Amino acid sequence: MAEIELRNVSKRWGSFVGVDRFDLTIADREFLVLLGPSGCGKTTTMRMIAGLEDASEGEIRIGGKVVNDLDPKDRDVAMVFQSYGLYPHLNVYENIRFPLKVRKIDEAVHEERVMRAARMVELEPFLHRKPAELSGGQRQRVALARAIVRQPNVFLMDEPLSNLDAKLRVSTRAQIKNLSHELQVTTVYVTHDQIEAMTLADRVVVMKQGVVQQVGTPTEIYDRPANVFVAGFIGSPGMNLLEGQVSGSSFTCDNVHIDGVEAPSGRVTLGFRAEDARLAQPGETGQITAPLYTIELLGDATMLTVRAGGGLVSVKAPKDVRAEIGDRVSFVVPPAICHLFDATTEARLDGR
Amino acid sequence: MATNTLRQPLSLRLASGTFLAVWCLLAIFPIAWIAVMSIKTPVDAFAGSFVAVLTGPATRAGGQGLSVLDLVLGGAVVIALTRWAFTGLPGIVRRATPAGWIALGWIVAALLYLALFGLVVLGVLPQLLDALDAVAGPLGVPVIGATFEHYYAVWVENAFWRNFVNSLIVTAGVVTVSLFVGTLAGYALARSPSNLAFWLLIAALIFRALPHSVLVAGYLPVFINSSDWLAPIFGEAAPTLYGKPYAVIAVLVAINQPFTIWMLRSFFQNIPTELDEAARVDGCTHFQAFRQVIMPVMWPGVITTGLFSFLLAYNDFLVTSLLLDAQNQTMVPAIASYFNRETTTTDQVEAIAAAVSITAPLFILVMVFQRQIVSGLTAGAVKG
């Protein structure tokens, strides 16, 4: 069990900055998710914790000990790789046992610990198969078992679900959540999928181009995004973002007029979530009125999209709503649900 | 319908079949022909008619030949023994060797099998068949002339086995050194992100492009004068490297190494880096990861590269003939020395017998490692 401290950790290749002054303390037993689009430095950060990449600057501590100059094997971490990284010449049993063998742990306990790990990920029927004879989900479970067999200080998971198909992803995600609850080990989990981040994390770190954008619980990140990037990246669909003018206390742009906005006059970016707004009742006039651009049936709801403020704006409507493309629709967007961001710095304006 | 659309017209199938048959015949002809010649007396071997060479009337007249009984029984025993080597033997080896000693088990099994094969085919079988021929009547009368006197002359009287041992020393040395250096260098170069690795590989390519005689010419004076050069270190006992097998090993390794490094590097590049990284996180040092995780995955590549190194050393003529003195001669230049101004037809048939002899190890090698070689040659061609 260990706390991980990252003190102003940076990674540079020549003049390219991979990770810029990453500073964070990951509490003992915390499940931390690093989230961001590809190339944002989240995997590099994890590889620096694992010791597979040198930090150009800064200090990494695991359990209070500076590990910058330690080999991966001396950091007591276990890692799950995106493409599994299983040893093709060993069967499942030997794959799971490998960390125990190379670390010279007493042979007498191998059998029991391998079987326990295999049971946790439901791999017992496959112990004698080679990795090539397993499906993708089974392979990833072998990788998980290999990571948990040793009871390390820290788990590192590098996009473990991204090579699986959609259905398997959901069930393996549930399995990871359950495992982490059972094992109570500090975990760093890298993903570009915000649903994984929301469902698994105690805390989420959102990154973009090597820079941390926001650190917070999933609810904080969802309900109070720190800037335009986080607002647009989190949520499915991402937050609707409108660029417009505030004068007095009303926000205006193409097809949009919202009164009661508390912000200084000038250019701002206004955001709201599709599920917070609603379709106007017949006869009622909403804050956004425009011809319908597209209508998507999601099953549990209907997504209505119009053009407004130089982009597309989506609103979730009840599942029985039907309309034709081109029909004039009106959305009710009360000022209370709106998030305001500075138009130039893109940071959150905390007037609300 | 599908079967109809996929079926080729008869004429095409006939043409391709004929072409294949002709091509196979052409490819196999030289080796088959010298194999036939090597078991005939010189009179038959150089006879004017094709049939006479095949059946060998003069050899038969000399009382040496194979009867129908010999052909059937002897052939059956040889085929059965060969089949057993691939069907029965592997199971026995697997059951009899303790875990972790499988390589040693195979070596022991191979030696025992060779001894058994020699004992049965060269020792027991001829005696038995001679006895049977005497009582078999018409079936025991020789129908094809065949004599193994040339093989006996080559291996025993001319002490060709000494050349065989020298060849073994040279090839074993070249293969061992090439693979040892090649795997380490290939792995390092495959994993290194630096620019230097690229330039090292280009330099290796240039060395590979040099004619072999350039390297030999460069080494030769050094080897001849080596006792003077090494005197400051070894004093009086400083060796003259010229004529010694290790001089040849050094030159052949120099010729071969760039190629093995390139080949092994491309094999290593096909192994994902995640495998190294997983091993290192699991508790391996760099070297342990290389030995315990990368090398087991690399066997097809190592065996394929090893085979090419073996062929280069085994078949080399230029370097071995220039650098070795008579008593250290390897097989290929030894065969060449059969041909000189005073060559008799007997010498020539003996040279042919020697030539047939040196192809046998190649056949065995390819047969034994065929699966690894194929998977090595096609590695990376299809996604595993």
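From the backbone N, Cα and C atoms, a Cβ is placed for every residue, glycine too.
Keep in mind that TrEMBL annotations are predicted by a computer and have not been checked by a curator.
Per TrEMBL, the feature domain 'ABC transmembrane type-1' maps to B:164-369. Taken from TrEMBL, the feature transmembrane segment applies to B:12-36, B:66-86, B:98-125, B:164-189, B:196-224, B:244-264, B:297-314, B:351-369.
In this chain, the transmembrane segment (B:297-314) lies close to the transmembrane segment (B:164-189): three or more C-beta pairs between them fall below 8 angstroms, excluding pairs fewer than 6 positions apart. Same-chain residues lying 6 or more positions outside the transmembrane segment (B:66-86) and placing a CB less than 8 Å from one of its CB atoms are 113, 116-117, 120-121, 125, 129, 132-133, 136, 139-144, 146. Counting only same-chain residues 6+ beyond the ends of the transmembrane segment (B:12-36), those with a CB under 8 A from a CB of the stretch are 53-54, 352, 355-356, 359.
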